[in-house]
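Listed features, source Swiss-Prot:
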- 1-19: signal peptide (SIGNAL)
- Asn45: N-linked glycosylation site (CARBOHYD)
- Asn104: N-linked glycosylation site (CARBOHYD)
- 118-303: domain 'FAD-binding PCMH-type' (DOMAIN)
- His156: pros-8alpha-FAD histidine (MOD_RES)
- Asn179: N-linked glycosylation site (CARBOHYD)
- Asn312: N-linked glycosylation site (CARBOHYD)
- Asn320: N-linked glycosylation site (CARBOHYD)
- Asn351: N-linked glycosylation site (CARBOHYD)
- Asn370: N-linked glycosylation site (CARBOHYD)
- Asn446: N-linked glycosylation site (CARBOHYD)
Amino acid sequence: MRSTAYLTALLSFLGATHAAPEGPRCRCTPDQSCWPSPGLWQTLNKTLSGNLVAVKPVGTVCHDPTYNGGLCDSVKGMQTDSSWRSAQPGAVQSINWETWPEKNESCYIDGPRQVPCGQGRIPLYSAVVQSPLDIQKTVRFASKYNLRLVIKNTGHDFLGRSTGPQSLQILTHNMKSINFTDNFVPEGKPDGRGIGQAVTIGAGVQLNELYEAAGKRGLTQVIGLSTTVGAAGGYIQGGGHSPLGPWKGMSTDHVLEYKVVTAGAKFVTANEYQNSDLFWALRGGGGGTFGVVTSVTLRTFKDPPTIVSQVNVTMDGKANESYWAAVEKFQAYLPTLSDGGCSGYYYMLPNVTLGPQSAAVIIAAFYYANKTDKAHVDNLYRPLFASLSSIPGINVASVSVPVSSSTEAFRSAFDQKPPRDGGGVNILGSRLFSRKLLEAPGGAANLTAALSKLDFKNLQPAIGHLVAGGQVAKNTHIQSALNPSWRKALVHLVISRDWSIDSTFAEQEKISTKLTAEEIPLLAAVEPDMGAYTNEADVNEPRFQQTFWGTNYNTLLRVKNRWDPRGLFFVRSGVGSEAWDKQGLCRA
């Protein structure tokens with residue numbers, strides 16, 4: 001049987017002990033004699049056809065002694081443009097990951113001009129790669145000189161995995177190929193027969209680019225709801241939730257093949273038929289850990305008609321018992337919505353203050369893939385709306401519109417040009433919650449009680465992602481490294497915290513520590529064994545191995561040690577990262 005052969009191949013190397021051999025205790029840094037000379041960097045630049053860049057933070061032009069008024073004005077105008085940020089070697093989307101607070105190094109674009117810039121976590125050099133061969137050359141160089149290596153696709157990582165201090169960056173952003181096929185044949189498939197429609201995308205392709213290309217062909221694929229997130233990077237390698245998830249499953253469920261440059265600088269194919277252990281790990285085990293993915297092949301589907309729906313639940317004044325009663329009823333009804341084909345996102349904002357007015361709201365953006373009957377949605381909502389409207393002070397409104405395709409539905413949701421969702425401070429905490437919990441007596445009440453104990457600043461939401469259940473739950477036969485809790489989950493719930501750019505390190509630590517030690521445990525206690533989604537979670541999660549991967553972690557670590565025995569690839573709270581310090585510079 002296919003599944004038996006696949007599992008046998010995956011486990012074939014597990015009979016022996018696979019402890020990673022010890023390399024040097026610390027990476028080489030610029031203050032050491034082992035650091036490559038200028039001549040060696042110049043040689044690498046030549047082998048990369050002039051595409052090696054000495055990187056400075058993008059805010060450098062706004063600070064003395066390198067201040068440039070014209071360039072600073074230009075950078076200030078683009079600092080929230082996530083498309084611009086994704087293309088810059090010296091920037092990521094969340095600016096807290098550009099800084100190195102422990103060293104008091106930052107370079108905020110809006111910081112005081114007279115404060116000199118520090119390099120922070122921004123890499124010192126970037127290989128702006130154009131091909132797998134460029135990546136192989138860069139990996140060999142990093143390995144030979146024992147350098148800290150960082151992979152950046154778009155810099156959307158919420159756990160700071162796209163930056164690293166005193167490092168060499170591989171920037172895959174320019175690898176933009178998109179190739180569709182009517183009948184994809186995985187490399188090495190014994191019978192040579194195709195397995196259906198698919199698209200192969202380069203490492204730098206972003207979600208909006210893939211939606212546009214597929215939409216022109218009347219196709220879609222299971223990917224996220226964003227403009228500039230990279231489709232082939234950490235998003236899909238960490239699992240990849242999607243508003244199409246309940247219809248078809250997780251994004252990683254539909255990966256047919258990866259092309260990868262390994263820690264040994266080999267260019268390999270990973271699929272069900274060859275290097276199947278690596279294929280398994282890359283389907284949920286996290287990005288930046290097992291190799292540099294150069295391309296991904298995904299299943300495509302006929303783009304379905306979709307109903308787009310918005311639901312607003314509001315009350316005047318800040319959150320009180322009525323508001324939290326509405327939140328409880330709303331969340332208790334989520335299994336029914338899911339059964340009706342609903343997916344999407346709901347934003348719980350207990351504190352919305354605009355001038356003298358204040359309110360507490362729930363705003364939901366829902367999608368009904370492969371549905372055309374608006375009456376179905378209206379009937380589905382009727383019991384929920386009646387229940388909510390019975391709560392004193394609660395008002396409910398909704399609008400639902402059928403559109404011809406999911407691509408039209410999703411692209412209209414992020415049609416802002418340029419996309420203005422980058423350049424902020426952002427740390428996350430999250431937990432997965434099961435359908436079983438929400439259906440159980442008191443389950444939604446317990447979750448709501450935990451939420452009500454959190455601190456919410458003005459306009460600060462808790463975001464519920466109704467992206468599981470349905471086919472995500474049914475795809476248990478798919479063998480991947482995805483956190484098994486996804487197959488039981490219905491909701492992925494996220495909270496975020498921030499601070500101002502003039503906050504001291506002590507103030508930042510206080511906010512971060514409170515998130516880790518107080519707020520997330522409140523949510524985790526509601527359903528302790530469910531864990532969290534590795535791509536959108538707290539970077540300081542104390543038991544990240546179990547929280548992000550559950551029973552899959554030990555196997556993932558063995559795969560990691562097989563393909564990267566000396567730990568060339570490192571990301572914060574990634575597989576094998578417990579062997580290193582937080583910055584990946586010295587072994588723990």
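Placement of Cβ uses the backbone N, Cα and C atoms for every residue, glycine included.
For Asn104 (N-linked glycosylation site), the same-chain residues lying six or more positions away in sequence with a CB closer than 8 A to its CB are Gly118, Phe505. According to its DSSP assignment, Asn104 (N-linked glycosylation site) is coil. The two recorded residues, Asn179 (N-linked glycosylation site) and Asn370 (N-linked glycosylation site), show a Cα separation of 25 Å. Restricting the average to the domain 'FAD-binding PCMH-type' (118-303) gives a pLDDT of 98.
Residue density at Asn320 (N-linked glycosylation site): 14 other Cβ atoms are found within 10 A of its Cβ, drawing on all protein chains shown. In this structure, Asn312 is the one among the glycosylation sites Asn45, Asn312, Asn370, Asn446 with the smallest number of other Cβ atoms inside 10 Å of its Cβ.
Among the recorded positions Asn45, His156, Asn320, Asn351, Asn370, the residue whose Cα lies closest in space to that of Asn312 (N-linked glycosylation site) is Asn351.
In sequence order, Ser82, Ser86, Val92, Gln93, Ser162, Ser226, Thr228, Val229, Gly230, Gly234, Tyr235 are the residues of the chain that are 6 or more apart from His156 (pros-8alpha-FAD histidine) and have a CB within less than 8 Å of its CB. Asn351 (N-linked glycosylation site): 17 other CB atoms within 10 A of its CB, across all protein chains.
Nearest in space to Asn351 (N-linked glycosylation site), taking C-alpha to C-alpha distance over the glycosylation sites Asn45, Asn320, Asn370, Asn446, is Asn320. A strand conformation is recorded for Asn312 (N-linked glycosylation site) in the three-state DSSP classification. If you compare Cα positions, Asn446 (N-linked glycosylation site) sits closest to Asn320 out of the glycosylation sites Asn45, Asn320, Asn370. A Cα-Cα distance of 38 Å separates Asn320 (N-linked glycosylation site) from Asn370 (N-linked glycosylation site). In three-state terms derived from DSSP, Asn45 (N-linked glycosylation site) belongs to a helical segment.
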